[in-house]
Amino acid sequence: MSISHPDTVLIIDFGSQVTQLIARRVRAMGVYCEIVPFQLALEGVKRLRPQAVILSGSPYSVIDDGSPRAPMEIFEIGVPVLGICYGEQVMCVQLGGKVESGHRREFGRAFLEVQEKSALFDGVWEKGSCYQVWMSHGDHVAALPEGFRVIGTSKGAPYAAIADEKRCLYAVQFHPEVVHTPDGTKLLQNFVHKISGLKGNWSMASYRDQAIATIRKKVGKSRVICGLSGGVDSSVVAVLLHEAIGDQLTCILVDHGLMRKNEAEEVLKLFRDHYNIELIHVNAANIFLNALEGETDPEKKRKTIGRLFIEVFEEETKKIEGVEFLAQGTLYPDVIESVSAIGESVTIKSHHNVGGLPERMNMKLVEPLRELFKDEVRSLGRELGLPEQFLGRHPFPGPGLAIRCPGAVTREKLEIIREADAIYLDEICKAGLYDEIWQAFVVLLPVQTVGVMGDGRTYEFVCALRAVTSVDGMTADFYPYDMEFLSKTAARIINEVRGINRVVYDITSKPPGTIEWE
């Protein structure tokens, strides 16, 4: 589902790990932008008609044979272009300059000395002063193309910032998009607002109105189904669609018996009772738990749950007449990953999604969130009036509690983990910590230990508490609870949950660990 935007920045991705940060910074300015891999850059120009272009960094060396290039047309269409790191080098090489392998590499914090005034530095950096930046390069520009001048230098990069103001071409060897370049966002604002003249009119309010109009045009009078889990993405999709097409929407909640305590009831209460959305609740717990019986391999558990979800969802859909469209909560990072500039990434875990549904069910897709990042989805949810209880929820995996029970999943273990998890989250909320934490949950270990309760000996399970801070889930640190909180939470779990006699806290960061245990 494509929505038109009057002011657009095109970001050409050469495979940098921080390309998405560029997009997030630009969108935070109220300007719409899209990332396209370098192979599709020309198609992106024709489709988006951008008012500015940014060239990303890259793990490649511009000196190597076959390394990525930008289409020459990018420099000839008359819009401002900003090259970042590899983007600077590729701009120079393609326009007649020279890049060499550096004898002095720069990785991490560095200092740039401003040599000349420039529109890029206007109101931020002064000529003759030094400023902290973040570098990550081995090669460096050795000779400038005709028309360029040097505006900033560093110890390892004699052309750390360059400009050809006549053609509105700018480039920097450092990364302005990362927080380690303190003034980086201001420099990007200069490029987007002052140099490119973009106004910053893009907002979630305008996106909501455009999305509703686009949905109505695409769907017409047809019926749409939507898988609803109660998570942020599916909740926002459901409410947005309902606002657009009303009773043409039917939502299906597949209850696989692996949800948290009272979760299904909360979803039904909000969407069926409050929003009056037609919602079919499928209690499929027996189907899922019987299929998972005795299975200990985490990958097989995920695949079994994914396969059964599709089968149950498909069976329910057959009972609804006239369905032509399937709504999905695909987000922009999913879209970016699917057309990666450097190919598919290594599979760490199978992701639980309904991506296999359209092919099997012969339906058209409606993906109203496919242009948004996660934080933007939450903002859209607020525009739609969704309660914070749903919008502020921690991420919850599609396979549910099955991957928080290492080893075989049983009904007894699920009841134990539900109760322990509810207590843990309750204590987090009471302490006012919920919004400080990216994700928090209990893992029930397939280990039993000896304990003493009263005058009796116990032999019960160990549970691990997990809590992490993160920005995007790609990296994470454990949350530094104080001992009083951990002591109080552990005491409640042991005293109130039958089946647990020992509590531990997981202090592993990501990497090397993952956030979930399976």
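A Cβ is built for glycine as well, from the same backbone N, Cα and C atoms used for every other residue.
Worth saying up front: this structure is predicted, and the values here are computed from it rather than measured.
Straight from Swiss-Prot, the features:
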type: ACT_SITE; residues: Cys85; note: active site, nucleophile
type: ACT_SITE; residues: His175; note: active site
type: ACT_SITE; residues: Glu177; note: active site
type: BINDING; residues: Ser229, Gly230, Gly231, Val232, Asp233, Ser234, Ser235; note: ATP binding site
type: DOMAIN; residues: 8-201; note: domain 'Glutamine amidotransferase type-1'
type: DOMAIN; residues: 202-393; note: domain 'GMPS ATP-PPase'
Going by Cα-Cα distance, pick out whichever of the binding-site residues Ser229, Gly230, Ser234 is nearest to His175 (active site).
-> Ser234
Between the Cα atoms of Ser229 (ATP binding site) and Cys85 (active site, nucleophile), find the distance and write it as a whole number of Å.
-> 41
Measuring CA to CA, name the entry from the recorded positions Cys85, Gly231, Asp233, Ser234, Ser235 that ends up nearest Glu177 (active site).
-> Cys85
Alpha-carbon distance [Cys85 (active site, nucleophile); Ser234 (ATP binding site)] in Å | 37
About how far apart, in whole Å, are the alpha carbons (Cα) of Val232 (ATP binding site) and the residue listed as 'active site, nucleophile'?
-> 35
Starting from each candidate's C-beta and looking 10 angstroms out, tell me which of the recorded positions His175, Gly231 has the most other C-beta atoms.
-> His175
Could you tell me the C-alpha distance between Gly231 (ATP binding site) and the residue listed as 'active site, nucleophile' in angstrom, no decimals?
-> 37
